[in-house]
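**Student:** One structure coming up, written as structure tokens, with questions to follow.
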There are 2 protein chains.
Amino acid sequence: MKSVVINGYGTIGKRVADAVNIQNDMKVIGVSKTKPDFEAKMAVKKGYDLYIAIPEREQLFKDAGIEIAGTVDDMIKEADVVVDCTPGNVGPANLEKYKKEGVKAIYQGGEKHDLTGLSFNSFSNYDDSFGREYTRVVSCNTTGLTRTLKPIDDLCGIKKIRAVMVRRGGDPNQVNKGPINAIVPNPPTVPSHHGPDLKTVLYGSDITTVALIVPTTLMHQHSLMVEIERSVEKEEIIETLEKRSRVLVLDAKDGLGSTAEFMEYAKELGRSRNDLFEIPVWRESINVVDGELFYMQAVHQESDVVPENVDAIRSLLELEGDNEKSIAKTNKAMGIL
Amino acid sequence: MKSVVINGYGTIGKRVADAVNIQNDMKVIGVSKTKPDFEAKMAVKKGYDLYIAIPEREQLFKDAGIEIAGTVDDMIKEADVVVDCTPGNVGPANLEKYKKEGVKAIYQGGEKHDLTGLSFNSFSNYDDSFGREYTRVVSCNTTGLTRTLKPIDDLCGIKKIRAVMVRRGGDPNQVNKGPINAIVPNPPTVPSHHGPDLKTVLYGSDITTVALIVPTTLMHQHSLMVEIERSVEKEEIIETLEKRSRVLVLDAKDGLGSTAEFMEYAKELGRSRNDLFEIPVWRESINVVDGELFYMQAVHQESDVVPENVDAIRSLLELEGDNEKSIAKTNKAMGIL
């Protein structure tokens, strides 16, 4: 049983903690917070040992009646691997700590690829992180792209990918984010930085991305235009995506015509936090015209990377040599379709 | 001085009426309404003769204290041309009326191309409607696409166009429309119907479109990926679009990074209703990579087709044989950049 700590118990961190804790080959021995907020209180209630990232704030946590187990420095001493879910700007400083302590670490997509020199997706390059010290689970968007593009590439080969990514303005709890009533090219330059990030896990892919932000909180949406090597019928694409775990082919005509309806579908799955770990693809959108494949999918930005984090732990700690076996274990424990 | 009537004084109709009335070769001799609402009252206040579309509602208008000049049947008798801005479902029945009365008519993009068998854009096919009985000004989205694609096609030739159109959920006053918090593929099938509509005015164009609806009211947004015949520098594209009237190349870095900021720019122009008749293109988005042109633009759905309606009147009524002269006249009267 390997020991995992979560540095940064926020949107992603709390989900990874819960996902790790239901596996049978790893357990969470500590989580960290910078602020004594409701998440800190609920982490303790759930039974997690809580460590504080800023030692000077010990009294603040005591005043809030939150029991702490020590500092982040204490926490990482006991760990086999740290899952770093801190905001993007503090990751590089943390890496020095992890190196000094000799603890392995997994970063999130908010960090640059260069920080670890290695990025991770369960389906496309699990082996490359095997036994390594540090890796980085790519962003929710890149994870979503890889989930569907990898099996398509395996099926018929991909020449060129064009993707327009319509991103949510903020997560449901981010009341200070926008826009409220606008469409925002973000970045206004084309291509966006999302394309190159795909290449860190789906090697050699030729992708151009355009990205926008819109006034919604629920999910990102991707419109994909994929020039394929070998012409296939759309039915083959559907069959391929249906076979692939962590991808769902859903029907707009079944009352699932939008991201809001996908989130309602997730509620019916009865999972904690109504998460949708899978990437839903609209069946009606899948089409092949003149050797070009079109489809539209959505990404639950708060949760799709969670199973990949569990697999990344197995890869770094050499818990499982076969990526499909790790994927199957993670899926089974988390109830992933 | 030619006599124009506006059948349907709503979002588009009221704008076309005002635009026609400031030209020196045409005047509005009547507008119509189905309901005695604030727009009907303000039309009369502005001095327009108001006709009612449903004769049985005469008393309703009288009760509301609105003076009416007659019915739509009376109105069209006096006209050289009708601009039909009625909702999409009543257009076909109206055409029978216009035929019987021998009056020319201009439809809007909500109607199918087949209704008139002829569609109109000032830049791409003005001559084809010259002297004809009926035409159709294409939708706000198709007008926006044609405005920028036509000069690009003239400059360097276009092989293939891919466009993702992120559409506003409703106009600012449409309180019963959605979505409030979702991204809606609309249609969920790919390609969408928008592509074929472009071909009704930009003949022979090879275009694939994908369309979404998002929670905003201000403008539509287009992300364009255009394979071009002859490789050009992005500076040539910028210069071409800057020279073209009814197109604006604006800088995100000047505080114009979103559709909301474009609408704020329109307010500073001091126009009636803060309309933005021009198609704004984000300068930063214009880029040429491997023989493919990328750019992003926005469309003020309430107003961009208005100048095209004025030009369409000149074309049908043979008021001006040269499209560029009509465009210049319309622009000058309306203060278009």
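Along the chain as shown, residues are numbered 1 onward.
Cβ from N, Cα, C; glycine included.
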**Student:** Need a hand: TrEMBL gives B:THR11, B:ILE12, B:ARG168, B:GLN301 for NAD(+), which of B:GLY70, B:GLY91, B:GLY102, B:GLY110 is also on that list?
**Tutor:** B:GLY110
**Student:** Taking the mean position of the Cβ atoms of B:SER139, B:CYS140, B:ASN141, B:HIS194, B:GLY195 as the D-glyceraldehyde 3-phosphate site, which residues outside that list, in the same chain, have a Cβ no more than 8 Å away, listed in sequence order?
**Tutor:** B:GLY109, B:VAL138, B:THR142, B:THR143, B:GLY144, B:LEU145, B:MET165, B:ASP197, B:LEU198, B:THR209
**Student:** Taking DSSP states H, G and I as helix and E and B as strand, how many residues of the domain 'Glyceraldehyde 3-phosphate dehydrogenase NAD(P) binding' (B:2-140) are helix, strand and coil?
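**Tutor:** The domain 'Glyceraldehyde 3-phosphate dehydrogenase NAD(P) binding' (B:2-140) comes out at 54 helix, 32 strand, 53 coil.
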**Student:** Which whole-number mean pLDDT does the model give the domain 'Glyceraldehyde 3-phosphate dehydrogenase NAD(P) binding' (B:2-140)?
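**Tutor:** Reported value for the domain 'Glyceraldehyde 3-phosphate dehydrogenase NAD(P) binding' (B:2-140) is a mean pLDDT of 96.
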**Student:** Give the helix, strand or coil assignment DSSP yields for B:ARG168 (NAD(+) binding site).
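**Tutor:** It is in a strand.
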**Student:** Same chain only, sequence gap of 6 or more: which residues have a CB within under 8 Å of the CB of B:ARG168 (NAD(+) binding site)?
**Tutor:** B:ILE213, B:VAL214, B:THR216, B:THR217, B:LEU218, B:MET219, B:HIS220, B:GLN301
**Student:** Determine the C-alpha span of the D-glyceraldehyde 3-phosphate site listed in the record, that is the greatest distance between any two of B:SER139, B:CYS140, B:ASN141, B:HIS194, B:GLY195, in Å to the nearest whole number.
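**Tutor:** Between the most distant Cα atoms of the D-glyceraldehyde 3-phosphate site, 13 Å.
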**Student:** Neighbour count, 10 Å Cβ-Cβ cut-off, for B:ASN141 (D-glyceraldehyde 3-phosphate binding site): what number do you get?
**Tutor:** 24
